[in-house]
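Structure record follows, encoded as structure tokens.
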Amino acid sequence: MLNIPNEKVRGHQRIPSDTKEFHEATKRDALMRLKKDLDHLLETVEESRKTGLQKEMCGFEALYHRFLQEDGPSVEWDRIEKLPEEAVKDYSTLKLPQEAHIRDMLDKLVVVKLNGGLGTSMGCHGPKSVIPVRNDLTFLDMTVQQIEFLNKKYNANVPLVLMNSFNTDVDTEKVIRKYKGFQVQIYTFNQSCYPRISRDSLLPIAKDFDIENDIEAWYPPGHGDFYQSFQNSGLLRKFLEEGREYCFLSNIDNLGATVDIKILNRLIGDDRQGDKPIEFVMEVTDKTRADVKGGTLIHYENKLRLLEIAQVPKEHVDDFKSVKTFKFFNTNNIWARLESIERVLNAKTMNMEIIVNNKTLDNGIRVIQLETAVGAAMKCFDGGIGINVPRSRFLPVKKTSDLLLVMSNLYSLKYGSLVMSPQRMFPTTPLVKLGDNHFSKVKEFLSRFANIPDLIELDHLTVSGDVTFGRGVSLRGTVIIIANHGDRIDIPAGAILENKIVSGNMRILDH
């Protein structure tokens, strides 16, 4: 083996490539090159936008620095501890406040909806929040109705805050004008817009800050960016000065995430316990086999924290998915104390695990997106708890199969909130799987139903292939309908299918 003496090469110490020093030097070098690239990008910006973007790029630089520092898994599996008894409160033990106190409690609350996503996965243009989901009402319409109902009923003033992304802000600003006459104050701010980095060079692929003309080079860095962007927008300080104490944050496509008076009462009302305030609440719900990939709550280093499947070592993925070992999963309904958010940000201790999202762009360039999740901040706060809430508080609409449920007679609409029909014998929703080829886009999905079938007694529905449904169809128990390639099945009007498998070819032709 050759003995290579240490010698200076172009100003760098030559270091064996398998040593810790080599990796440290490589990281330092990467960080210096990134700073240089970001400075170059900022030179392409007009002065009026510079200050705001500098703040944003400082945030990206800090995220990138942490990405370079992270070495190995963020959680050592054997050090995960059993959840303490008091860590997760059962929702049924929470008390309703006295009616006279509700207005004061609501006036200390801010409702935040994560509104950065597009409707592209469901074949829709523009923000996902403007897709009609029920009686021609969109996610945003229903949210505004819910909060207006609270404000009117209790003569309160709960504001609605929308966290948009650069993908949704222009369209959202146009849409919210129609709520001018409503009894809801609506505020918006944008989450950060970060540069995608090349997987090879670890440097931004963007050449300038002309985001609209090079949209592929930029991305919104996940909802964990909420805290910093909320502070950067000035809204965090504004609400604190108004005497607001907590924010309730959730995904805009979770139709079950409504303001809950009982949870609010535990935070600031008659049901508050102990001297220390609860700084962070994560709503969790019982895990079923359909939720095995969802993040869960763990106790680690004397703190509650969120564990996502991406953080789990390969050999423990089956343990993570176990319904027995990890009973709960995160609904992404979060309650956080505003003063505590400000304290943690100012102390620069908001240290969330980084999600490294590898993507390949249409032009073949392989990139990395560095993201964080809003629930991962839990470990940065003191006095965090989980609340095990009913499944009804988790009703996300991610696919047309979810849309089928929320459009059906399983639910009725009351002041913008969906309420499960009392005719349903059990509180769980049916498991629905619709074939991607014929049902994944909203427009095509709607064209396949003369009207939405009766699902009150449905347990499980699987539909695959070219299938249509006539008017007044009723589906009960377990129903599987499979049209093979080249075949078509038309379920006739008024049909009642109970525990049936339908396959082959069945055409109903007009005559």
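Glycine too: its Cβ is placed from the backbone N, Cα and C atoms.
As written in TrEMBL, here are the features:
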BINDING   LYS128, GLN191, GLY222, ASP253, LYS398  UTP binding site
BINDING   HIS223  substrate binding site
Ask   = Distance between GLN191 (UTP binding site) and HIS223 (substrate binding site) at the Cα atoms, whole Å?
value = 8
Key: All-chain count of other Cβ atoms within 10 Å of LYS398 (UTP binding site)   = 14
Request  = Quick one: give me the count of other CB atoms within 10 A of the CB of HIS223 (substrate binding site).
outcome  = 26
Request  = Could you list the residues of the same chain, at least six apart in sequence, whose Cβ is under 8 A from the Cβ of ASP253 (UTP binding site)?
outcome  = GLY117, LYS128, SER129, PHE139, PRO396, VAL397, LYS398
Query = Per residue, counting other C-beta atoms within 10 angstroms of the C-beta, which of the binding-site residues LYS128, GLN191, GLY222 reaches the highest number?
reply = GLN191
Request  = Please state how far apart, in Å and to a whole number, the two most distant Cα atoms are among LYS128, GLN191, GLY222, ASP253, LYS398, the recorded UTP-binding residues.
outcome  = 21
